[in-house]
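Only one structure is covered here, and it is reproduced in the block below.
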Amino acid sequence: MRVAMISMHTSPIAQPGSGDAGGMNVYVLSIATQLARKGVDVDIFTRATRPSQGEIVEIEPHLRVINIVAGPYEGLSKEELPTQLAAFSGGMVQFIKCNNLYYDLIHSHYWLSGQVGWLLRDLWGIPLIHTAHTLAAVKNAYRAADDSPESEARRICEQQLSDNADVLVVNTEDEKNELIAHYDANDCHISVITPGADTELFTPGTDRNTERSRRELGIPLHTKVVAFVGRLQKFKGPEVLIRATAELFKRDPQRNLRVVICGGASGETSNVQNYHDLARELGVEHRIRFLDARPPQELVAVYQAADIVAVPSYNESFGLVAMEAQATGTPVVAARVGGLPIAVDHDVTGLLIDGHGASQWADALAQLLDDDERRIHMGEQAVEHAAKFSWAASAQELLKVYEEATKIDMSECHGPRQAAGI
Ligand code: UDP
């Protein structure tokens, strides 16, 4: 089987944790790697952002990243990329023609790639599988009151994909229900495939490597550590953890606690300095250590150094960070939103919190910080829980979806109503 994956706005081999690179990059690379290991030929098409990248990057047997030149390498924000959809589609068509290639199906990731996939589906007469990763209508329904909304134009593009893709792949039943509720999607076209965690990389820390990780990161050895990992944007809720930290020190100024926030700015409205300023305003700047985004191989040390990982997002289609933290044996305190109730087993591998109030979050963190026995036991159970989610299993399920999709009769044509996205 030959699959054209499209990840137009961000390369699967970009460093996740800042800018436009996050869970989707990890998802695309992890699942494509596992498909390739099952013998599926996967080409991942992405927009070239540096001249040195080369057109074709061989990742491993059966897996390549194809960098398509569409617009200038630098200077275009994600919000401006809709202007390059025609150039990108044209670049893909040209590449495939020049190299005499064919594909059995297209799998697009995120709505920008979905629009390209939709065009090529009709051009080539092969099925389109689409994974949204996040949805404008869902983000708008859950965003914090002072966060900026996603555009109506994006929602319309997602509506078109919901109407025209042959299969919509989602992470959880919850996401399936959101897709039906907000986009009137046909549930026969939706497949739920749970993402995984790289349990070979994210392994439990022994006391010795927790100590080593803390030394490497410059964190005192004999303190409790709460970590946040991810892009610094309102939607991920880093300020919830900063406010909860201030609340914990207000309650007990002697508390022995450090907070580590690991990740970079995301998008045009996000600014890391705002989070430093908030920590200073609340008087906890010396208790919080900000770390730059780092590759997964180095992120392991952050998870292992932590006693708890906090995931205070306003919504998550799954929550890879929660799963990775648990794989390293660190319990998670997470918001009860989106896929997080699947990723975290409440009261067993961590705690799920309703809402984002500083006081609630301080209560939950204190509960676990102050009960070593319970927290350590949760960490042990977290490892067992995470072991149930592997990328190999996700890829196996996806392959079944692909096999079914190749049987779809592609002779039909779409009418103007679907094209309007109403
Ligand atoms: N990540 C990383 N380095 C960092 C911070 C994050 O490699 O410094 C990775 C992390 O391992 C996870 C992904 O980025 O796999 C973020 O996933 P999540 O689903 O939380 O992300 P989102 O796409 O919503 O930002």
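Numbering starts at 1 and runs along the chain as displayed.
Here the Cβ of each residue, glycine as well, is placed from N, Cα and C on the backbone.
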From Thr134, Thr172, Thr194, the one annotated by TrEMBL with His9, Asp20, Ala21, Gly22, Gly23, Met24, Asn25, Lys78, Tyr110, Arg154 for 1D-myo-inositol 3-phosphate: Thr134
Integer Å distance between the CA atoms belonging to Tyr303 (Mg(2+) binding site) and Ala21 (1D-myo-inositol 3-phosphate binding site): 19
Those binding-site residues in His9, Gln15, Asn25, Tyr110, Tyr303, Ala306 whose CB falls under 6 A of ligand 1, listed in sequence order: none
Entries of Gln15, Pro16, Tyr110, Arg231, Arg294, Glu316 which, being binding-site residues, have CA atoms within 10 angstroms of Thr330 (Mg(2+) binding site): none
Binding-site residues: Pro16, Gly23 - member with fewest neighbouring CB atoms within 10 Å: Gly23
Cβ packing number for Tyr303 (Mg(2+) binding site), 10 Å threshold: 25
